[in-house]
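TrEMBL lists 1-19 with the feature signal peptide. What TrEMBL lists as domain 'Laminin N-terminal' is 47-298. According to TrEMBL, the feature domain 'EGF-like' maps to 364-399. According to TrEMBL, the disulfide bond annotation covers Cys389-Cys398.
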Amino acid sequence: MNFQLALTLQAIWTAVCHAAMQHYPAAWGHYDVCKSQIYSDDGLTWDYMACQPEAADMTQYLKVSLDPPNITCGDPPETYCALENPYMCNNECDASTEELAHPPELMFDIEGRNPTTFWQSSSWKKYPKPLLVNITLSWHKTIELTDDIVLTFESGRPEQMVLEKSLDYGRTWQPYQFYATDCLDAFTMEPKTVQDLTQHTLLDIICTEDYSRGYVWKYDKTVRFEIKDRFALFAGPRLHNMASLYGQLDTTKKLRDFFTITDLRIRLLRPATGATMVDENNLSRYFYAISDIKVHGRCKCNLHANSCVYDKEKLSCECEHNTTGPDCGRCKINYQGRAWSAGSYLPIPKGTANICIPNSIGPVTLVCDDELLRCQNGGVCVNNARCNCPPEYSGLLCEKSRCESEAAGCGSRESGQPPLTPPSPCGLLTLLLLLGSALLREAPCWPAAL
């Protein structure tokens, strides 16, 4: 009998393990699991870990706005000339014709189309008044950047530009980086590159001439804000030592905030001219055009969620660890037994979950929950610490009938209780797992990475 029970439990456990291994892939990322089930002296319980969503292309979730609002070309229609050849004037922009329109949405569509799609501004027809454009990208959610910000220009790259960030949904702005053909002349700043930065100066705001100089603009179209080169100051040139970076992010709030945004703003201050003097007789050569913007990052969930959902044009973390809010920034009601705290990357590799605990309860062993360890037969889980069972039942999960100890047994007239109904398949599985824990402790199936 015991041998048959062991075989049955082994078969069920193998199926559960197979499903779990499919859900949690073998190629583990960084902090991608919020909790896993483990065996302790008290049976099957949860082990909680710090977790974060996967990095993704965040441009699919943003809203874009332009200032001035009517800066996009095509109303009225306009003909543009090539920067390198003032006599090649065959580029038209007409907002009323789909094939000739260049709205801002084309900065975020699929790349690789032929012909290339791009947003384009009106020309510098009001020269010498500056041709100023602000492009604001808003997520209405806190985002953590994980890769370089890359702008691809269809026109010449601007001679003066500023990339700015906001951490408070656009109420205030801080510079991220300045770009110019001459940093001293444009911003009274010494030119630098990201390679000039060190671990101690990583947060310095610099002006670079790397992405503005040069007239061979057909081959140099991109402008970057180098996230990975800054990561490499802690994680090594190939980012092999991410543990060092995570440790720094965990202990240095200013560093963590540096890579965190709610909005980005691209301030275009002077278009490419290709010369020291502006050709006032052919101002249709000067304009801005952007074919692609790349922003990679993840939702900031304070290490309390491993997924982020986009619903009703809004991003929100799917919070774990008894936390709630768009960024998992507070404890749920009835789980405020201690002050809320963000999760921690340390100790590596699992980190510390810093879960919210039930009110007036100290550290407790998880006895029941609303997932796998459900109270049976109508029992109610109280603060994850015990099952409040109906009068007819007892046991850790209300799995035992009180009439079982009576001589007449359950279902007799003397017991005053109807015959027991079989437990649900989920309940049976739970009980089998609990009963078989001792048999299977020698053969755990959870991956070593947990």
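The count begins at 1 with the first shown residue.
Glycine too: its Cβ is placed from the backbone N, Cα and C atoms.
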Inset, instruction - Please report the number of other Cβ atoms within 10 Å of the Cβ of Cys398 (disulfide bond). - result: 23
Inset, instruction - Write out how many residues of the domain 'EGF-like' (364-399) are helix, how many strand and how many coil, based on DSSP. - result: 0 helix, 8 strand, 28 coil
Legend entry - Chain-internal residues near Cys389 (disulfide bond), provided their CB is under 8 angstroms and they sit 6+ positions away: Cys375, Asn377, Gly379, Gly395, Cys398
Legend entry - Mean of the pLDDT scores, which run from 0 to 100, over the domain 'EGF-like' (364-399): 77
